[in-house]
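TrEMBL has this to say about the protein:
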type: BINDING; residues: Asp14, Trp15, Glu17, Asn19, Glu28; note: Ca(2+) binding site
type: TRANSMEM; residues: 51-69; note: transmembrane segment
type: BINDING; residues: His93, His221, His225; note: Zn(2+) binding site
type: TRANSMEM; residues: 106-123; note: transmembrane segment
type: TRANSMEM; residues: 135-152; note: transmembrane segment
type: TRANSMEM; residues: 158-176; note: transmembrane segment
type: TRANSMEM; residues: 188-204; note: transmembrane segment
type: TRANSMEM; residues: 224-246; note: transmembrane segment
Amino acid sequence: TMPSIFSYLSSEIDWCESNFERSEIIAEYYNTVSAGASAGPEACCRERRDGAALLDSLFLFIPLNFLVLEGVCMGNLTQPASFLAGLFSSYFHMTLSYVGQLLDELSILWTLAAAYSFWYPKVYFPRCIKSRKHFFWLSGITTVVSTFLSFIKPALNAYALNCIAFHLLYLTRKELKKCNDNRVHRTARIMIMWWVLAITSWLSDRWLCGFWQMINFPYFHSFWHVLIAMSLLYCCPLVIYFDVIYEMPSFKPQLVYWPSDSWPVAVPYVELEQSHKQC
């Protein structure tokens, strides 16, 4: 009989870390723990006493955590989705099951779809799309089709999801050409640095597993979980910043670092000021 799709090790994918080495019920201990950090608290959204809106990304492990900037904190779709992405990633690495793999990948896919639907700049819409509502439908149909395609060759799903990063980098490059704010450029450089380290760790775990196992250090997928979260820590404020430029022209966004600009690793957030001036 065929093994259950919920069974341990029923997935086609097995990462480099040894299975059940530290626990009888957790297949990949360090991958599971590092993925669990993704299910941490969401970024907060609050109003300062002086009336200026302050949008903080105050947590280090917040993958795909985007906020809606409509005067109140309205990340009601992406916040649960990003939490589930971290939860399902932990479940996948704990069991290496077929269902766990699909839950992990599809939660990321649908979170990305929600983020694109709400925050993709209208200036980049295809010519046939005339409104945000039409773009919602395009995103929804594309995501549903991609969901069905993901069942055909599950081993390729992770590669396809990672390729979306190249489109995000392309959009970032186009936006940076229009902007002379040094803090924005600095944030983008740091985001790209963390992403390069993350994708290098991911590919190393996939392609050089034999070498890492030979030297008894098969933990680069765990590094991937942390490093991609660090990259998205800087990506999210950039998304917020450019969304304000396009959607809230009465405000001037400014990137600020907590606790200080001088710290080598600081948490960026967007502070809004009245009297917008084009970047």
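Placement of Cβ uses the backbone N, Cα and C atoms for every residue, glycine included.
Structure coloured by features recorded in TrEMBL.
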{"residue": "Asp14", "record": "Ca(2+) binding site", "Cβ neighbours (10 Å)": "13"}
{"residue": "Trp15", "record": "Ca(2+) binding site", "Cβ neighbours (10 Å)": "24"}
{"residue": "Glu17", "record": "Ca(2+) binding site", "Cβ neighbours (10 Å)": "23"}
{"residue": "Asn19", "record": "Ca(2+) binding site", "Cβ neighbours (10 Å)": "15"}
{"residue": "Glu28", "record": "Ca(2+) binding site", "Cβ neighbours (10 Å)": "28"}
{"residue": "His93", "record": "Zn(2+) binding site", "Cβ neighbours (10 Å)": "28"}
{"residue": "His221", "record": "Zn(2+) binding site", "Cβ neighbours (10 Å)": "23"}
{"residue": "His225", "record": "Zn(2+) binding site", "Cβ neighbours (10 Å)": "26"}
Item to check | Surrounding residues of the transmembrane segment (158-176) on its own chain - C-beta under 8 Å, 6+ positions past either end | outcome: 13, 105, 108-109, 112, 121, 124, 146, 184-185, 188, 191-192, 195, 199, 202, 235, 238, 242
Checklist entry - Any idea what the Cα distance is from Glu28 (Ca(2+) binding site) over to His225 (Zn(2+) binding site), rounded to a whole Å? => result 13
Checklist entry - Hey, which bits of the same chain come close to the transmembrane segment (188-204), Cβ under 8 Å, at least six residues off its ends? => result 162, 165, 169, 172, 176, 212, 220-221, 223-224, 227-228, 230-231, 233-235, 238
Checklist entry - Given the binding-site residues Asp14, Glu17, Asn19, which lie close to His221 (Zn(2+) binding site), meaning Cα to Cα within 10 A? => result Glu17
Checklist entry - Other residues with Cβ within 8 Å of the Cβ centroid of Asp14, Trp15, Glu17, Asn19, Glu28 at the Ca(2+) site? => result Cys16, Ser18, Ala27, Asn31, His93, Leu96, Pro218, His221
Checklist outcome for this item: Per the Cβ filter (under 8 Å) with a sequence gap of at least 6 from its ends, the transmembrane segment (135-152) is approached by 102, 105-106, 109-110, 113, 116-117, 120, 122, 125-126, 129, 160
Next on the checklist: Rounded to a whole angstrom, what is the C-alpha distance between His225 (Zn(2+) binding site) and Trp15 (Ca(2+) binding site)?
Outcome noted: 13
Next on the checklist: With an 8 Å cut-off on Cβ distance to the His93, His221, His225 Cβ center, who else from the chain surrounds the Zn(2+) site?
Outcome noted: Trp15, Glu17, Glu28, Tyr30, Asn31, Thr32, Ser34, Ala35, Ser89, Ser222, Trp224
Checklist entry - To the nearest whole angstrom, what is the C-alpha distance linking Asn19 (Ca(2+) binding site) and His93 (Zn(2+) binding site)? => result 9
